[in-house]
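Enquirer: This structure is in structure tokens; I'll ask about it shortly.
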């Protein structure tokens with residue numbers, strides 16, 4: 001009898017192998033083909049006796065059951081890379097680059113919502129869909145680029161943690177970089193005592209720093225007109241403005257976050273029906289919007305404080321010198337007006353929390369990327385230590401040679417690498433979320449398609465422009481012999497051409513693999529209603545009473 005039931009399920013839902021690995025989401029089915037017990041066929045259905053507890057929940061309780069993934073993802077928008085680029089943007093360009101933060105976080109909200117919708121509608125995350133869709137060599141190239149993105153995102157966390165340890169205990173930067181390898185193991189060890197409590201503690205510490213910058217902003221009172229003008233009037237004036245703008249975008253819109261968000265939503269039990277999927281997409285959009293709005297306010301506060309303090313009319317010589325060499329290691333003086341002598345300690349603790357909270361998102365993203373592209377899973381501590389050791393190598397070399405200034409510059413370079421890497425996660429996301437073969441009726445509307453592609457092409461175009469003009473300018477003004485310049489040009493220009501051709505290939509390639517599974521629809525209204533709310537039909541089939549979430553991700557401590 002049991003084998004016959006399982007055979008009937010396999011007839012309704014395609015096997016997982018057709019999706020390139022992973023597991024499909026399936027609906028609760030009435031395998032007997034008859035109305036479940038305690039259900040009558042009366043038209044008013046008043047005597048139905050089924051467990052419709054979920055349908056009686058108020059809207060806010062349903063919403064809370066979906067809260068988690070968006071806030072965890074938003075921590076990546078408050079990592080040391082963001083703090084560094086915000087401080088530099090304010091010190092170098094006052095409020096002129098606030099529009100970059102506004103556009104970047106609007107764009108982040110759009111693409112993070114698309115990533116969540118992709119996971120909800122398909123039951124698979126982005127890396128799994130890339131594996132199913134693209135040829136073998138393209139798949140491996142995308143995997144390597146995604147791993148590089150995780151490493152590039154980890155570099156600011158390494159250096160930010162090292163700066164925090166330097167401020168707290170006055171140890172050299174390079175020693176702090178080495179200690180970060182142990183700190184990640186300590187963090188993962190503490191997760192055994194409750195990951196939710198640990199995340200709450202880290203989030204509180206990050207928001208302590210946010211409160212400090214808001215308090216400082218209230219003290220220095222940045223001119224509201226100049227702040228609003230910088231937010232809504234695009235401008236790229238002054239030396240290095242384009243590079244700083246790209247670094248801001250790279251720190252805000254990170255490719256590994258797209259893989260992360262599309263997977264985190266699979267930790268929620270979502271009914272495999274049009275109604276259930278639409279509700280989940282709406283709730284995830286609301287959650288992401290609120291979380292990213294908070295991140296936007298914090299980023300604006302940091303830029304405003306940095307820009308106001310460093311451009312004041314009565315600025316002292318000491319402050320002017322600090323502003324001219326502003327980085328994460330020296331930024332605590334910005335909070336001195338509010339916190340006094342304790343400003344450096346509070347700032348260092350919050351910086352440490354910022355770096356370590358971002359480590360959580362990087363660990364999860366790396367797991368999902370490896371599992372999706374290669375069907376491989378590693379123990380969390382091995383995966384985290386491996387990524388951290390790779391990120392430590394360039395951080396250690398630069399901190400030994402260039403000190404704190406070199407380490408701070410490496411954060412900007414890592415943010416720019418993330419910006420250049422973005423197309424190789426963004427283009428597949430935009431194509432998959434707009435494809436009927438992947439999303440069915442849940443694909444993007446024409447308005448979302450137009451807006452997301454315009455913003456995506458704009459960011460990609462800025463990257464290519466900066467890459468080409470910056471390299472040509474370097475060739476013209478460097479001190480290398482002409483022969484060396486020729487060899488460098490012969491090496492770099494083909495790589496730039498390959499980069500552009502790869503973006504064009506991903507953009508114009510037509511999707512061929514069909515992964516959308518049509519939701520099951522029951523003829524009986526009560527059976528359909530039960531399925532809409534993820535409930536079984538009282539037919540004593542325990543495994544199918546709810547739509548199962550991803551069992552293959554169960555060893556990762558996802559938010560509950």
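Cβ from N, Cα, C; glycine included.
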Enquirer: Among 29-51, 98-120, 305-327, indicate the range for which TrEMBL gives the feature transmembrane segment.
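Expert: The listed stretch tagged transmembrane segment in TrEMBL is 98-120.
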Enquirer: I'm validating the feature mapping. Which of 281-302, 523-544 is tagged transmembrane segment in TrEMBL?
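Expert: Checked against TrEMBL: transmembrane segment maps to 281-302.
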Enquirer: Count the CB pairs under 8 A between the transmembrane segment (410-432) and each of 98-120, 141-165, 240-260, 281-302, then give me the winner.
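Expert: When the Cβ pairs under 8 Å are tallied, 240-260 comes out ahead.
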Enquirer: What residues in the same chain, six or more past the boundaries of the transmembrane segment (444-466), come closer than 8 Å to it by Cβ-Cβ distance?
Expert: 103, 106-107, 110-111, 114, 242-243, 245-246, 249, 253, 419-420, 422-423, 426-427, 430, 433-434, 499-500, 503
Enquirer: Taking 141-165, 281-302, 385-404, 486-508 as candidates, which has the most Cβ pairs under 8 Å with the transmembrane segment (63-78)?
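Expert: Maximum Cβ contact count belongs to 281-302.
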Enquirer: What stretch of 141-165, 240-260, 345-365, 486-508 shows the most Cβ pairs under 8 Å to the transmembrane segment (385-404)?
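Expert: Result: 141-165.
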Enquirer: Using Cβ atoms only, state whether the transmembrane segment (141-165) and the transmembrane segment (345-365) have three or more pairs under 8 Å that are 6 or more apart in sequence.
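Expert: The answer is yes, given that the two segments have at least 3 Cβ pairs within the 8 Å cut-off.
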Enquirer: Would the transmembrane segment (98-120) and the transmembrane segment (345-365) count as touching if the test is at least 3 Cβ pairs under 8 Å, pairs 6 or more apart?
Expert: no
Enquirer: Should anything in the same chain at least six residues away from the transmembrane segment (281-302) have a Cβ under 8 Å from its Cβ atoms, list it; otherwise answer none.
Expert: 62-63, 66-71, 73-74, 77-78, 82-83, 86-87, 90, 98, 101-102, 105, 108-109, 112-113, 116-117, 120-121, 210, 213-214, 216-217, 227, 231, 252, 261, 265, 442
